[in-house]
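Right, one structure below, let's go through it.
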Amino acid sequence: MSSDPGYQAPVVTVSSSIPRRGVGDSVLIVPVVTRDDAAAVLAAAPFLDKDAVREIEAALKSLGATGGEGQTHRLVVSALPVASVLTIGLGKERDEWPADTVRRVAGNAARSLDKVAAVLTTLSALDLEAAIEGLILGSYRFTEFRSAKTAPKDGGLRAITALSQESKSRARDAAQRATDIATAVATARDFVNTPPSHLHPDEFAKRAKALGEAAGLEVEILDDKALVKAGYGGIVGVGKGSSRPPRLVRLSHKGAVRTRTRGARTGGSKRVALVGKGITFDTGGISIKPAANMHHMTSDMGGAAAVIATVVLAAKQKLPIDVIATVPMAENMPSATAQRPGDVLTQYGGTTVEVLNTDAEGRLILADAIVRACEDNPDYLIETSTLTGAQTVALGSRTPGVMGSDAFRDRVATLSQQVGENAWAMPLPEELKDDLKSTVADLANVSGSRFAGMLVAGTYLREFVADGVEWAHIDVAAPAYNSGGPWGYTPKGGTGVPTRTMFAVLEEIAREG
């Protein structure tokens, strides 16, 4: 991450035609489809003349191109002023193109042009915002810890010209929105990809503060002494084993319409609480994890990263609602001072908990944060976390699980699917609460069963949500971190999920309540 707050996106401009000058080093990205078993140029008019289209299609025919989704070909086209053309396949021709298909193929195109500084594209004629988001997210790279020996010699993608016939004002607003959303996702990725040696709780809090203040947010940070004094037993308990003490960060966007006299929210303005798990590294504590793949636990603050990025995005987009993020941060380490299996701690608000497994630490810090967030009297609460390995077992590496109050849970899942993050609604059966009974405290932090682990964790969190608050818990244990190869606009490493889901929910609440 640079010394400037947050990720620096490529410069985006929108044009109604291909410039005749100044694009000699640029690559033009052109979508093609499968038509009669061959590749055909899509969205050509009015940007490409007939000579350019004929030249492109003739070259593709000679190469045996079919226009299959993700298929790319680099061509030199004499009829165009650009250095080269990259065709990107969309698959079989259709009347309408889903936004995430456009986003995904734009990401594929950007990844195939990783050494190109400037691009133009007609993909934006299909969906302006999706094309810009896909290009920015597909071009993302994390190089902060590369020395001169291995750092890329080029600067990556720095300029995007999106070709569109939208009105100037509409195009300008859409391009800015897309850039802001992609920047938020990339910022969350940067946090996740930063190693725990450089992103311990205090440093994480400082970076969150810098981002928040740059966006005009109100920022509050509680250090370890303040946490002890206020009774945040979950956060303090988890952080006891580390030499790097915990923090609680609060970031507030006050966008709701207020009365002139008392400054109170008007009746139609909503308040949304965001809560994100910020375990900067998770060894499991005394209940230590296996060594294999423990290095992936650098991503155990993926929920916090997404929440911070989302509240900053809400401020940039000036959403007319209040959004208050409550982000607990701790490092879960084994040591002589660490909490032990069998210890009892008191969560913020007074609930006592028997800690049967110190590797179920996320729910302990989240419970504190949820109770604190509910003191702000939100209408809605969204919590997200890399909470359980059971999410991966149940839903795989790309599908978040959403639990919570039924109507709001379904609303979150639906919007997540619309933006391409593809969360799936899951139940919280009442009988699972019995599995969290303790003989010595109000609750145990785990059940005695290996079944339904994702749902049991959600059931635990439900105990701390105030009555009357519509809430959703998004488990992104696997989706927050791509341990495999890149695909679409998703790189290896931090993904930024579920930033776009949460922002989509905030936008809908701002529109509809």
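These residue numbers are counts, starting from 1, taken along the chain as shown.
Cβ atoms are placed via backbone N, Cα and C, with glycine included.
Record features (Swiss-Prot):
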- LYS277, ASP282, ASP300, GLU361: Mn(2+) 2 binding site (BINDING)
- ASP282, ASP359, GLU361: Mn(2+) 1 binding site (BINDING)
- LYS289: active site (ACT_SITE)
- ARG363: active site (ACT_SITE)
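Location within the structure of each feature annotated in Swiss-Prot.
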| residue | record | DSSP class |
| --- | --- | --- |
| LYS277 | Mn(2+) 2 binding site | coil |
| ASP282 | Mn(2+) 2 binding site | strand |
| LYS289 | active site | coil |
| ASP300 | Mn(2+) 2 binding site | coil |
| ASP359 | Mn(2+) 1 binding site | coil |
Rounded distance in angstrom between the Cα atoms of GLU361 (Mn(2+) 2 binding site) and LYS289 (active site): 12
Greatest C-beta neighbour count within 10 angstroms, which of the recorded positions LYS277, LYS289, ARG363: LYS277
ARG363 (active site) versus recorded positions LYS277, ASP282, LYS289, ASP300 - nearest by Cα: LYS277
8 Å Cβ shell about LYS277, ASP282, ASP300, GLU361 centroid, Mn(2+) 2 site members excluded: VAL238, GLY278, ILE279, MET297, MET301, ALA330, ASN332, GLY362, ILE365, SER385, THR386
Inter-residue Cα distance where the pair is LYS289 (active site) and LYS277 (Mn(2+) 2 binding site), in Å: 18
Mn(2+) 1 site, defined by ASP282, ASP359, GLU361: further same-chain residues with Cβ within 8 Å of the Cβ centre: VAL238, ILE279, THR283, GLY284, GLY285, SER287, LYS289, ASP300, ASN332, THR358, ALA360, GLY362
In the chain carrying ASP359 (Mn(2+) 1 binding site), residues 6 or more apart in sequence that have Cβ under 8 angstroms from it: ASP282, GLY284, GLY285, SER287, ILE288, LYS289, ASN332
For ASP300 (Mn(2+) 2 binding site), nearby residues of its own chain (Cβ under 8 Å, 6 or more apart in sequence): LYS277, ILE279, THR280, PHE281, ASP282, ASN332, GLY362, THR386
Most Cβ neighbours inside 10 Å, all chains, among the binding-site residues ASP282, GLU361: GLU361
